[in-house]
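What TrEMBL says about this protein:
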DOMAIN    6-150  domain 'Flavodoxin-like'
BINDING   12-17, 59-62, 97-106, Asp132  FMN binding site
DOMAIN    208-449  domain 'FAD-binding FR-type'
BINDING   Arg354, Arg386, Ala387, Phe388, Ser389, Gly420, Leu421, Cys422, Ser423  FAD binding site
BINDING   Thr464, Ser519, Arg520, Lys525, Ile526, Tyr527, Val528, Gln529, Asp562  NADP(+) binding site
Amino acid sequence: MEDRRIVILYGSQTGTAQDVAERVERDAKRRHFKTRVLALDGYSIGELINEPLVIFVCATTGQGDEPDNMKKFWRFILRRNLPADSLSGLQFAVLGLGDSSYQKFNFIAKKLYRRILQLGGTSLVPVGLADDQHDLGPDAVVDPWLVSLWDRVLSLYPLPPGLELISADVCPPSRYDVQFLDADNSIPVASTNAGINGLADSQIPSQICPFQARLISNERLTSSDHFQDVRLVKLDIRGSNISYVPGDVVVIQPQNSTESVNEFILHFDLNPDRRILLQQTDPDIPLPPSWLLPQPCTIRQLVTHCLDLSCIPRRYFFELLAHFSEDELEKDKLREFASAEGQQELFSYCNRPRRTTLETVQDFPKVSSRVPFAYLLDLIPQIQPRAFSIASSLKAYPNEIHVLLAVVKYKTKLLKAREGLCSNWLARMTPEKDVEIPIWVKKGTISFPKDGVSTPVIMVGPGTGLAPFRSFVQDRAAQGLGDNVLFFGCCNKEKDYLCNREWRPLEANKLLQVFTAFSRDQEDKIYVQHLMAENSALLWEMIDRRKACFFIAGNAKRMPSDVTNALKK
């Protein structure tokens, strides 16, 4: 039994890779393996040489970048001075999570797989490359890959005599213990998002300790009768130690709406003011950070700041819910959604109409009433932070960060409109409420020419793809650097031409040249790639003779490939 141990390490940006890693952990425990599941940067990399089995679950972000919680591991594993037999005792498997609409699809998983082989590791199964773009999502690859993995693992480590595979019908223990505090308990409830949470003078805000930025303004840029609400949100970062350059990203931690929180509390018949204390049951599974969820807290604080009520439920949600169901019809449906065979049905129920976790528990009222409170934190994932390209320059706005965001709201077959959690939370805010927004900054995927360098730059940024280019243009204008060409596209000149008033003085001073495509202002649609073709002589002269840089930002569907094809032509 001593050899039956598996370490599961994940690199996750939005929580999906962590979710899959925890699924692998549950599978391993059912096969009587001692398991640990950790973020890659939370693992002591020197221990790799002593591990018999390691499963890596890695997402790829941006333009082939590693997630934030595996950056230290990534730098170390790519070091050229590592001996070629460093990991000769390691048996491993790599599962990648990516999106094939990006050029560097699953780049991190592919590179990690090759690197561990170079260091002497033995692969249990070929690298798995899951794709968000598949009709059934990542599970279309994850399911068969896990079947192959466990077949291989059990051939190497058969079940010991007298032990059988633990049935999936056995409910696993909850992630945390929950202690309900009496009314006369003397432990005070701390407030969330209070002040700057004790940032030291030299401390840089991060996910561990963000900065609470004050809202300066929240301006709608599109006309009131336009279908798309686009906002320019300005945040005050004085005293934060935050520094950024064009191309960097601001990360924002949102929270649930009061309406959703009240619905959830009512559905589960909870006392929102009841105080609770969360306690770890596994040392490798940390509590939510204290700035987000202090201990103790109220149930309302937990639901508001921690439980992602607007996310689309994943398979394990239904698998876990089925354990508490006594209604046979409900249980059969929940088990169908949790099975490999039921994924098309689950996709039609959840993914296609974008049904939320809150709506799903409301659809299963009999079992909802039977879920023990502690399991709510297993059932519903933690709210993940959202990243936005910074749309301002410190040279133009020394104490501010600007965010250019489209408020996500759209219809599906469901009666209620779908709403993006973070964008709608921000859109509802007003400076008069004296709100504070938890933020930190990280490097983006765009690397512009450095300060003071007069390299010509061509930028293609339809819609809110304009954000990083607004930052860069402001930065260059503050230094008097011209040779900036911007291709911008939107629907109508009068309805959604973002930041147009800002460009006029820059154009007058020969610092910026703007080409605009208003796709709906005439019978034939005109897009940015059409403007590029019309101005091909200018583009070629800039690129060939003056070595211009070319950047694209915006919607990751057809636009980048259309622009790239136009550029090649």
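A Cβ is built for glycine as well, from the same backbone N, Cα and C atoms used for every other residue.
The binding-site residues examined here are Ala59, Ala387, Leu421, Ile526, Val528; by Cβ neighbour count within 10 Å, the least packed of them is Ile526. Among the binding-site residues listed (Gly62, Leu421, Ser423), Gly62 has its Cα nearest to the Cα of Asp562 (NADP(+) binding site). A distance of 13 Å separates the Cα atom of Gly15 (FMN binding site) from that of Ala387 (FAD binding site). Across the domain 'Flavodoxin-like' (6-150), the DSSP tally of helix, strand and coil residues reads 58 helix, 35 strand, 52 coil. Within the set of binding-site residues Ser12, Asp99, Phe105, Ser389, Ser423, the entry lying nearest in space to Thr464 (NADP(+) binding site) is Ser389 (CA atoms).
Phe105 (FMN binding site) and Ser423 (FAD binding site) have their C-alpha atoms 27 Å apart, to the nearest angstrom.
Of all Cβ atoms in the protein chains displayed, 17 besides its own lie within 10 Å of the Cβ of Gly62 (FMN binding site). The two recorded residues, Gly62 (FMN binding site) and Ala387 (FAD binding site), show a Cα separation of 11 Å. Candidates Asp99, Tyr102, Arg520 (binding-site residues) were compared with Ser423 (FAD binding site); none lies inside 10 Å Cα-Cα.
Using CA atoms as reference points, the binding-site residues Arg354, Ala387, Arg520, Ile526 were checked against Tyr102 (FMN binding site), and the closest is Ala387. Spatially, by CA atoms, the binding-site residues Ala387, Ser389, Leu421 include one closest to Ser12 (FMN binding site), and that is Ala387. Annotation for Arg520 (NADP(+) binding site): spatial neighbours Cys491, Asn492, criterion Cβ-Cβ under 8 Å with sequence separation of six or more.
Here the CA atom of Arg354 (FAD binding site) lies 30 Å from the CA atom of Val528 (NADP(+) binding site). Long-range C-beta contacts of Arg354 (FAD binding site), restricted to its own chain and to partners at least six residues apart, with a cutoff below 8 Å, comprise Ile312, Thr412, Leu414, Arg418.
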